[in-house]
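Asker: Straight out of TrEMBL:
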REGION    1-29  region 'Disordered'
COMPBIAS  8-23  compositional bias 'Low complexity'
TRANSMEM  35-62  transmembrane segment
TRANSMEM  74-91  transmembrane segment
TRANSMEM  103-122  transmembrane segment
TRANSMEM  128-149  transmembrane segment
TRANSMEM  161-183  transmembrane segment
TRANSMEM  189-207  transmembrane segment
COILED    231-258  coiled coil
TRANSMEM  274-297  transmembrane segment
TRANSMEM  313-331  transmembrane segment
TRANSMEM  343-366  transmembrane segment
TRANSMEM  372-400  transmembrane segment
TRANSMEM  421-438  transmembrane segment
TRANSMEM  444-462  transmembrane segment
Amino acid sequence: MSDRTEPAGRAAAAAAPTAGSPGPEEPGTKHKRNIAIWFFGALGGILWGYDTGVIGGALLFIPEHIIPTPLIEGMVVSGLLLGAMVGALGSGRLADRLGRKKLIFAGGVVFVIGTAGAALAVSSFMLILFRFVIGVGVGIVSVIVPMYLSELAPKNIRGGLSSLMQLMVTTGIFLAYVVDLAFQGAGLWRWMIGLGAVPAIILMIGIMTQPESPRWLVAAHRGEKPAYTTLLRLRGNHTEAERELNEIRASVAAEEADEDPIALKDLLGSRLRILLVIGVLLVFFQNFGGINTIIYYCPTLLANIGFNPQQSLLANAAIGLLNMLMTLPAIKLIDRIGRKKLLVIGASGMCFGMLFLGTMTVLGLTTRQGPLAMTVTLAGIAIYIASFSLSWGPVQWVMLPELFPQRIRSGAMGMTTTLNWLFNLTVALVFPIFLARFGAAPNFFFFALMTFLALMFAWRLLPETKGKSLEEIEAQLTGRIPAVPAGGTAGASDR
């Protein structure tokens, strides 16, 4: 008999121990195993961050016969972003067919191939091509890793665990900046790029020792017993594992029995259009709030106010460290005060940081080379980066998997993440043109406007998903149950 026709509780009962069976694992054992799952799951973020951040420093040392013109330089940078769009677009559907683990492993393989090719490049074509390959790997992990972490995490700490992805991204960026500093010198750019293969190999080995997503196992009809075993391993409690398996089973059964089944195409129709609007606006405001101008062009901005190349790289590393450190409190706060409040607080700080930079530029305090310009510029960037790292950086990758029902989660994640990379590419290409055409101040004020609109979006339109299981969020957003009133419980299972 297939899994879909089993009576409720049968699979869990079959998998659960009998009276003479051993009880739950020792808490320390479960804790160590869970740390390994979260670490290897989020390790893809280090690859993403490292390969995004390392190119800025490497470009200073790549010889002219490989990068002869600014156009080629731009193609080297944007090659990764184009590849990420391709990787994100197709990975969601493949994850539904093959599973989350296999796609993360495949992403690691792509990273190794791309990194090795880029480090050994002897021509601009070869460097651009393999930067594109690296981007495909970035696109895969940017879709699958947040989904994998979200589907394995318990609901009371899902936000914190899912935000490990962003912590790993910021860690990867910081490591890239440190490597850029350590390997300054002619010819060492190959080492800067090539070291990205190390975490990719660790990811490939480690992810295959970790469990598959129990939600995918049930939805793909790969057996409820392995799903129950995984939940028991993660939760360390038979009652909690059985309750969660029942929630997953009920959600999948409801979607399969729905007379008007949910499909990815429904995101464009009236029924679930709001989910697509929220998801697209979330990635739109994260990118058009200006974060990529800081990540990609911070050394250029600093050089314009008097920093020499070594000082620019050192200041860039300090900004990268701040970016990483401010992600740490977000891991706690995201499940304590909620996603919505964190986004509102973060957008407020980002808006202030951009207004500060724009105002100081108009007053001429950031355009004159010297200590004052350096201090003012670094202060504005620090305010902005700290606010982003505390909120919009981690929250996007927590909320996107939460917004979409199980049946369309992979496809919808692929769609919105592809748009994320498209927006990223647009800002990366347009900002230098606008900077040369209009100067810094109008750009800073534009990003201030975008972050203010992001604040209003988070405050007025975004639903709060804190403390709810993925199945409860799905039921609420698709209209199967009414929204939980403010101050109420998140669902029966919470009580």
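Yeah, the Cβs are placed from backbone N, Cα and C, and that goes for glycine too.
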Asker: When only pairs 6 or more apart in sequence are counted, do the transmembrane segment (421-438) and the transmembrane segment (274-297) reach 3 or more Cβ pairs under 8 Å?
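Answerer: When sequence-distant Cβ pairs are counted, the transmembrane segment (274-297) touches the transmembrane segment (421-438), since at least 3 lie under 8 Å.
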Asker: At a threshold of under 8 Å on Cβ distances, which of 35-62, 128-149, 161-183 pairs most often with the transmembrane segment (74-91)?
Answerer: 128-149
Asker: Per the 3+ Cβ pairs under 8 Å rule, pairs at least 6 apart in sequence, do the transmembrane segment (313-331) and the transmembrane segment (161-183) touch?
Answerer: yes
Asker: At an 8 Å Cβ cut-off, counting only pairs 6 or more apart in sequence, do the transmembrane segment (274-297) and the transmembrane segment (372-400) clear the bar of 3 or more pairs?
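Answerer: They do touch: at least three Cβ pairs between the two stretches lie under 8 Å.
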Asker: Restricting to the same chain and to residues at least six past its boundaries, which positions have a Cβ under 8 Å from a Cβ of the transmembrane segment (189-207)?
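Answerer: Hits for the transmembrane segment (189-207): 36, 39-41, 43-44, 46-47, 50-51, 54-55, 57-62, 101, 104-105, 107-109, 111-112, 115-116, 118-120, 134, 137, 172, 176, 179-180, 183.
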Asker: What stretch, picked from 35-62, 128-149, 161-183, 372-400, has the most CB pairs under 8 A with the transmembrane segment (343-366)?
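Answerer: Selected stretch: 372-400, with the most Cβ pairs under 8 Å.
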Asker: State the residues, same chain only, that lie 6 or more residues beyond the ends of the transmembrane segment (161-183) and have a CB under 8 A from a CB inside it; answer 'none' if no residue qualifies.
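Answerer: Distant Cβ neighbours of the transmembrane segment (161-183) are 38, 41-54, 56-58, 145-146, 149-150, 152-153, 189, 191-192, 195, 199, 295, 313-314, 316-317, 320-321, 323-324, 327-328, 330-331, 334, 389, 393-398, 401.
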Asker: Using a Cβ cut-off of under 8 Å, list the residues of the same chain at least 6 residues beyond the transmembrane segment (35-62) that approach it.
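Answerer: The answer is 73, 76-77, 80, 104, 107-108, 111, 115, 127, 131, 134, 137-138, 141-142, 144-145, 148-149, 152, 161, 164-177, 179-181, 184-189, 192-193, 195-196, 199-200, 202-203, 206-207, 209-211, 234, 295-296, 298-299, 309, 313, 316, 320.
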